[in-house]
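Straight from TrEMBL, the features:
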type	residues	note
TRANSMEM	20-39	transmembrane segment
TRANSMEM	110-128	transmembrane segment
TRANSMEM	140-161	transmembrane segment
TRANSMEM	218-241	transmembrane segment
TRANSMEM	261-287	transmembrane segment
TRANSMEM	333-352	transmembrane segment
REGION	371-408	region 'Disordered'
TRANSMEM	435-455	transmembrane segment
TRANSMEM	487-510	transmembrane segment
Amino acid sequence: MAGKSTTDLHYYHTRLVLKYAVISRLVLISLIVLWRSLLSPYDTSASINPNCLSNTTSIIGLFSGNSYSKSDSPPALLPRLASVIEDSIVWDSVYFVRIAQCGYEYEQNYAFFPLIPICISLLSRTVFTPLIPFIGQRAVLGLSGYVLNNFAFVLASFYLYRLSAIILKDSEVALRATILFCLNPASIFYSSIYTESMYALCSIGGLYYLMRGSNNIAILWLALTGFARSNGVLNAGYICFQTMHRSYKAAFVRKNAGGTLLVLLSGVLRSLFIISPFIAFQAYGYYNMCVGGSSDEMRPWCKARLPLLYNYIQSRYWGVGFLKYFQVKQIPNFVLASPILSLALCTIIHYVKLWPEVFVSLGFRESSPNKESAASSMPLGRSAGSKSVGFPSENRSDAGQGDSLRRRKPAVREENYVVQPSEDEASESPGFKPIILVPFILHLVFMVATAFFFMHVQVSTRFLSASPPLYWFGSYVMASPRLSKRWGYIIWTYCAAYILLGSLLFSNFYPFT
């Protein structure tokens, strides 16, 4: 890498990230095809595809007014290829493809949010329409889902690298963390018709733009997470954290009452915008399931004071609830989830122990300069002798670099996220501030608690897999001379084992996570 400028190094790393992301997806898809061809599936019911109910339309039918049915397309000209694609539609993929094809037919379908079905239906009606005579309607829907999610994963990897370079101020560490993401233990779900890829793209992309100070773009991306998964509403917490610090500065530092009210109002509106897709989808379900029927025919949740369809479905059909999974027969699933939960717990403890004052005070107290400078390199994942090559500031002056510095990408300062910098602050040299990690770790804490105490615990592997701090900490473990190399080998072995095991079990309809 000697002799490469900062900009050249970023472009080189970006190409590496895209290369690893694409290769990892090709390997996963190859494994799916291989295991599917060698073994017989445990459950073959996924291939059953009755006609759509007459009183429903496809999810895109909300706009186009029509729906698919088995009679929409003649027999496929390439039945073998169609069969391969349709056989790969397993587990939750069955629901997403069915919703894209027929809309929300049954109550339990509303557990699956509409972003994936909408995108699948759009692709099948546009880009892949010419393939319908060759492989049939359902196979085209399945193919659309696979292409969509694998492409979204590549973009998510790109944004994770950019976000990590911003946060960690070191592109080498960002590259290592992103490669770990490309080979994460939940990889099988990122290459299947699941929500993981789209959620990761929207959440990580949104956080990237938020850290850059592009708040309006960030809000749009983060709002899409609420259309992908229910936990997308938690991303409003980043805005709440930002608003809390900006309002504090406006009220107590600048003594500006009017500015404080504007900051609070803006924060509330942006937070509501992020959670509005979740609310809108619940309202859509309520309208379809509760409005127009007699009180005797109404489902129990329709009569609740706060009729939340999603909570009812999760409890009734999937048995989700506080401590409901704490049963002796579920011990194997707790064992299956123990690696990712252990990694998450170590990540939280690691960063909180580094800057306890910052985390306890929610960022209102800064760590001492001596401690911060002593802890700012290795704990973030930098190897010994690593040089910081984070995005330089457009306002930063450096006599030794001259005009070449002005051509580089502008820095993303912590002030862009926490508070907008004043003209005086903008002239300061940007550096890592641990406050920027606080909302990431708080978000991870809430996710871990939810997964462990409320959810089917084995889902933790994929539920937590889009959390950037896991990969930042993993990058630190793999590069730190303070730790034995065996911990790095353990992480890689864990990822490789779950990739192989997941692709084997999941693709053949055996339980995995």
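Heads up, the Cβ atoms here are built off N, Cα and C, so glycines get one too.
Bear in mind that TrEMBL entries carry predicted annotations, made automatically and left uncurated.
Against the transmembrane segment (435-455), stretch 333-352 has more CB pairs under 8 A than any other of 20-39, 110-128, 333-352. Sequence-distant contacts of the transmembrane segment (261-287), counting only residues of its own chain at least 6 positions beyond either end whose CB sits under 8 Å from a CB of the stretch, comprise 104, 110, 113-114, 215, 219, 222-227, 230, 232-233, 235-236, 239-240, 242-244, 246-247, 250, 302, 307-310. Beyond the ends of the transmembrane segment (487-510), by six or more residues, the same chain brings 28, 31-32, 35-36, 39-44, 46, 88, 90-91, 180, 183-189, 192, 339, 343, 461, 474, 477-479 to within a C-beta distance below 8 angstroms of the stretch. Tertiary proximity for the transmembrane segment (140-161) is limited to same-chain residues at least six positions away from its ends with a CB under 8 Å from its CB atoms, namely 13-14, 17-18, 20-22, 25, 29, 68, 85-86, 88-89, 93, 96-97, 100-101, 116, 119-121, 123-124, 127-129, 131-132, 171, 174-175, 177-178, 181-182, 190-194, 196-198, 200-201, 204-205, 208, 466, 468, 471. Remote same-chain residues near the transmembrane segment (333-352) are listed as 185, 325, 359, 379, 434, 437, 441, 444-445, 447-448, 451-452, 456-461, 464-465, 467, 469-470, 472-474, 476, 491, 494, 498, 513 (criterion: CB distance under 8 Å, separation of at least six residues from the stretch ends).
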